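K.L.:
Starting off with a structure, shown below.
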């Protein structure tokens with residue numbers, strides 16, 4: 001328990017941080033209101049997300065400012081006039097960027113704080129939402145009415161724990177738990193400890209009832225039908241048929257379960273401190289000697305929004321692994337990373353970069369007449385055989401077209417490289433070497449590369465005595 | 001049919017050959033009778049085997065001379081006094097060698113003929129035999145009373161066919177059909193063609209009834225109990241519970257079945273003409289580039305009798321293949337050869353001579369609590385991992401102790417090299433290269449080596465249109 005107390009002292013935002021945030025928010029809100037009123041449109045500027053919930057971590061200074069427009073506007077009007085109000089405001093506030101998720105929005109930077117200005121509709125209840133962002137104010141309302149200040153500290157602990165073991169964040173980059181999912185877990189189980197205790201016994205798929213007054217068995221079936229591929233189901237109390245944890249992957253959930261067990265086994269500050277292993281890039285590259293680590297690099301000129309980009313990269317990664325497995329390469333691990341700006345990498349580890357030049361085909365026993373005849377005629381032009389093995393089966397050795405993994409990846413690019421934004425880009429393929437490793441580091445992928453090469457999460461060492 | 005007629009003309013011994021054999025036999029028989037009578041022991045000198053059966057092939061000039069001693073002698077007396085009479089005779093006949101199978105005997109060489117002088121007991125019926133050689137005269141009697149001269153030509157065809165495809169010879173070297181087994185097949189099915197037609201439909205195990213007046217279903221069960229590992233059962237009419245084909249291996253039987261099918265598909269003189277493929281040893285070695293062919297060489301100083309030696313070598317071969325498979329080497333083919341004098345070789349083909357330096361271990365899903373904990377503690381000291389894969393399973397990479405096949409074969413010698421006569425000899429291990437290939441050729445293993453490297457029996461090309 002001591003660990004958690006100590007950690008919490010670090011995690012809770014300081015008085016000055018609250019004040020800074022408050023000031024920034026006020027300035028932005030005023031500017032938006034000014035722009036709105038001069039456009040003659042009535043808006044409500046609201047604070048949402050972890051700051052509004054008071055579940056944010058010290059150091060995280062990301063404001064979610066939702067500007068609620070009247071439902072009398074059309075979605076087109078919102079995206080044109082409404083968005084323009086935010087843009088005009090942003091121009092007068094400071095540095096800004098246009099962003100696009102399901103919805104276009106504006107990001108502004110002020111006094112070291114990053115604020116997203118999101119246009120949304122003010123709807124009377126969650127059943128009336130036009131787009132997902134309209135649901136957010138109801139989450140804020142639900143959390144603030146449900147969680148006590150003590151609960152919110154438990155949220156902070158769980159968030160930080162999840163960040164450290166790499167399972168926090170619902171984007172495709174992480175396929176993990178959203179902040180709201182963490183808050184709902186605390187609403188359900190009350191304490192960080194209790195959640196870990198529960199998680200350490202989870203069986204997959206797991207169903208967590210966040211609702212009152214439902215026939216849970218019936219409801220589970222409905223959720224399952226709507227989200228057949230989910231590994232964890234947690235309905236949104238604000239919109240019950242929505243699974244808040246729909247995006248959590250099997251790997252992420254498994255990591256959380258194991259992480260929970262490890263922590264309970266020996267609670268330590270290491271679980272709240274994502275320090276990358278201190279290792280030089282030379283040493284990382286040295287670790288790749290006598291292993292087969294291969295990097296595909298995509299140079300991006302006009303990348304799509306992050307979730308689209310990550311989704312396409314992950315699809316390519318899956319394609320690549322399947323194609324290589326079919327070609328007899330044993331792919332032991334793979335991962336994807338992008339800085340979401342100008343470059344993306346897929347890294348693979350195979351057991352061999354060159355597989356045997358000849359492939360062994362084992363046919364039927366000669367007593368299986370038709371199949372053995374067809375084996376012989378099919379393999380009669382092979383380099384070696386057919387011959388009969390000691391087990392009475394026909395065998396043959398055929399030369400492979402490609403036995404180098406780098407060649408195979410170059411040859412098969414048109415097959416795996418199918419997603420729309422990546423299709424026009426020819427990935428460059430090479431084994432991991434110092435130059436490309438340095439480039440990855442320079443682009444911001446140090447932690448990702450080190451984790452892939454070393455495969456030693458520091459917290460996992462704590463799992464067993 | 002034309003093919004068989006033509007072949008038969010070549011196979012039938014010429015008049016001069018019969019005369020030569022006759023003369024040699026007479027000379028030897030006289031000498032033995034002279035030595036016996038001067039020792040005061042009454043013997044009967046008899047001709048046995050394929051020459052006595054008139055089923056021998058032109059060019060094969062091997063006499064089996066069985067000297068039958070009275071049952072009043074003990075086995076010790078036979079092996080001392082009886083053997084000595086043959087030895088004394090041999091000394092006066094010409095060049096000779098002492099031989100030892102189940103039984104000691106003498107081999108003499110005269111006028112280009114090789115004659116084995118075998119001491120045996122004259123027993124009243126096959127139920128009274130003291131050692132296996134005593135059974136032989138009853139085989140001769142049975143064959144000569146059963147086979148017509150036409151049948152005997154069919155035996156010649158089948159023998160030559162079997163020699164060509166490598167399935168003739170009951171010794172462990174071949175694990176094939178004995179001459180007597182061939183004769184029994186002809187006694188049963190009458191013609192070469194008919195036997196191939198039968199064989200081409202054989203299912204394994206196969207039972208061939210050579211007996212009259214037995215309840216065959218009951219008898220099959222008895223045979224099976226006595227020879228649980230046989231793949232073909234053919235009782236000896238002279239000693240029904242003896243399986244004449246007990247030594248036939250699955251590989252040999254499969255080869256015969258396929259060979260039969262191939263021949264019937266397109267009868268050709270190639271099936272009676274075991275010409276090795278005309279290929280230079282340089283080219284053979286060239287074929288081993290980019291493949292992993294490894295040779296174990298035993299230098300023999302005092303080799304045991306051939307069947308003992310072959311048996312031990314085959315045991316080592318099996319051991320080696322199993323051990324290497326357990327060490328993750330994929331062994332695609334293996335074979336053994338010895339000149340039975342001063343050298344023996346085991347050759348292996350693996351898909352790789354160097355397997356990956358790191359081995360991937362795939363553990364349980366993290367939800368399987370106890371097994372995942374034990375996986376983590378077992379693998380926590382490994383070079384890489386444990387980590388969690390996309391499938392939610394734990395994984396780990398451990399460095400292998402040995403990843404070169406040559407190193408593994410050197411390290412494991414004490415494990416596989418267990419049979420008594422080979423145990424004291426350290427095999428030398430190397431990849432196939434020109435020098436060792438030339439040595440194998442010089443020792444008489446050309447055909448064996450070529451077959452192993454090229455894996456293309458010339459007759460198998462005929463199996464399909």
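Using the three backbone atoms N, Cα and C, a Cβ is placed for every residue, glycine included.
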K.L.:
From the candidates A:54, A:116, give the one listed by TrEMBL for the same Mg(2+) site as A:62, A:64.
P.N.:
A:116
K.L.:
Counting by DSSP, what is the helix, strand and coil composition of the domain 'tRNA nucleotidyltransferase substrate binding' (A:153-272)?
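P.N.:
Residue counts in helix, strand and coil order: 63 helix, 13 strand, 44 coil.
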K.L.:
Using a 10 Å cut-off between Cα atoms, which of these binding-site residues sit near residue A:64 (Mg(2+) binding site): A:50, A:139, A:159, A:168?
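P.N.:
Hits: A:50.
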K.L.:
Which residues of the same chain, at least 6 positions away in sequence, have a Cβ lying under 8 Å from the Cβ of residue A:139 (CTP binding site)?
P.N.:
A:48, A:180, A:236, A:238
K.L.:
Tally of helix, strand and coil residues over the domain 'Polymerase nucleotidyl transferase' (A:27-139) according to DSSP?
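P.N.:
Tallied per class, the domain 'Polymerase nucleotidyl transferase' (A:27-139) gives 48 helix, 35 strand, 30 coil.
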K.L.:
Provide the number of Cβ atoms within 10 Å of the Cβ of residue A:168 (CTP binding site), excluding the reference atom itself.
P.N.:
21
K.L.:
Inside 10 Å of the Cβ of residue A:62 (Mg(2+) binding site), count up the other Cβ atoms and send me the figure.
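P.N.:
14, counting other Cβ atoms within 10 Å of residue A:62 (Mg(2+) binding site).
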K.L.:
Including all protein chains shown, what's the count of other C-beta atoms within 10 A of the C-beta of residue A:116 (Mg(2+) binding site)?
P.N.:
19
K.L.:
To the nearest whole angstrom, state the Cα distance for the pair residue A:50 (CTP binding site) and residue A:116 (Mg(2+) binding site).
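P.N.:
For residue A:50 (CTP binding site) versus residue A:116 (Mg(2+) binding site), the Cα atoms are 13 Å apart.
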